[in-house]
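Trainee: First the structure, which I've put down as structure tokens, then a few questions once you've had a look.
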Amino acid sequence: MLILFLFIIGAVVGSFLNVCIHRLPRNESVVWPASHCPACGKQLFPWELFPIVSYLVLRGRCSGCRSPISLRYPLVEALSAFFFVATWQFTFGDPVSFLFYLIFVLGLLVIVFIDLEHMLIPDTVSMGGCFFGLVFAGLKANGAGSLAPLGDALFGGALGFLFFLMVAKLGGMWFKKEVVGEGDFYLAAFLGTYLGPVGLVVALFVAYLSAALAAIVLLLGKKVKMDNYLPFGPPLAFGGVVALFFGQAILNWYFAVWWIQ
């Protein structure tokens, strides 16, 4: 019953995330006006706001102008619901860890879909994530009676930002063009603040590996050309989620393979 409750709440939160994904790149308020069709402006009825189900009932079209509704809406709602359940299981029901890890994964979810649609990573989301990451680290430091968690968060955030700053400078000198967007700096800082320096390294490894594989598939499928820009926010976010949930297992495997005790 608890899992079902978390799934439903997660889907409802996902509906709000869709509002953020649509409005933040347009510099619009996420609380006003009420939810409406982006094509015709029709305000949605309460039943049309019910996540996932309303999309199926409406058959993916606005009830007013019959314009198609993006598949992103039910997808984000389903992913949000999944992460609610997965994060609760991962944190073993600890409410504080659940809340802060949820902020992490849902923030990344917003970033991914905005970057895919607009090639843009809102600094407000990344910097807000850094703030919550530092608050979480401060709570852990207070509970442990040690400043180590806070130091890891600060070092991880700085490392993420400076790493991409270095990549941008060196890449710009080598290729004579922009190779990394500024939004990636702050996103990496967001990841580092939550994951710490070691977790950040895992996230970056997974991000670059997944980005390379995706680029190869797209090139072979002739979906992109060699000189096309591809958003790096989604691979970074994927690396961050993998590092959060499986980072320690990856490190254990790596150390076991290389006989590092």
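All positions are counted from 1 along the displayed chain.
From the backbone N, Cα and C atoms, a Cβ is placed for every residue, glycine too.
TrEMBL: automatically predicted annotations, no manual curation.
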Trainee: Which range is it, out of 37-57, 121-141, that shows up in TrEMBL as transmembrane segment?
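Mentor: Residues 121-141 are the ones TrEMBL records as transmembrane segment.
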Trainee: Can you work out which residues elsewhere in the same chain, 6+ from the ends of the transmembrane segment (240-260), have a Cβ less than 8 Å from its Cβ atoms?
Mentor: 86, 90, 101, 104-105, 108, 190-191, 194-195, 198-200, 202-203, 206-207
Trainee: For a three-state summary based on DSSP, what are the helix, strand and coil counts in the domain 'Prepilin type IV endopeptidase peptidase' (102-215)?
Mentor: 101 helix, 0 strand, 13 coil
Trainee: If I count Cβ-Cβ pairs under 8 A between the transmembrane segment (153-175) and each of 70-90, 121-141, 187-220, which range comes out on top?
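Mentor: Stretch with maximum Cβ contacts: 187-220.
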Trainee: Would you mind listing the long-range same-chain contacts of the transmembrane segment (121-141), meaning Cβ under 8 Å and 6+ residues beyond its ends?
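Mentor: Beyond its ends, the transmembrane segment (121-141) has Cβ neighbours at 20, 24-25, 96, 100, 103-104, 107, 110-111, 114-115, 147-150, 152-154, 157, 181-184, 186-187, 189-190, 193-194, 233.
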Trainee: Averaging the per-residue pLDDT over the domain 'Prepilin type IV endopeptidase peptidase' (102-215), what integer do you get?
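Mentor: Result for the domain 'Prepilin type IV endopeptidase peptidase' (102-215): average pLDDT 93.
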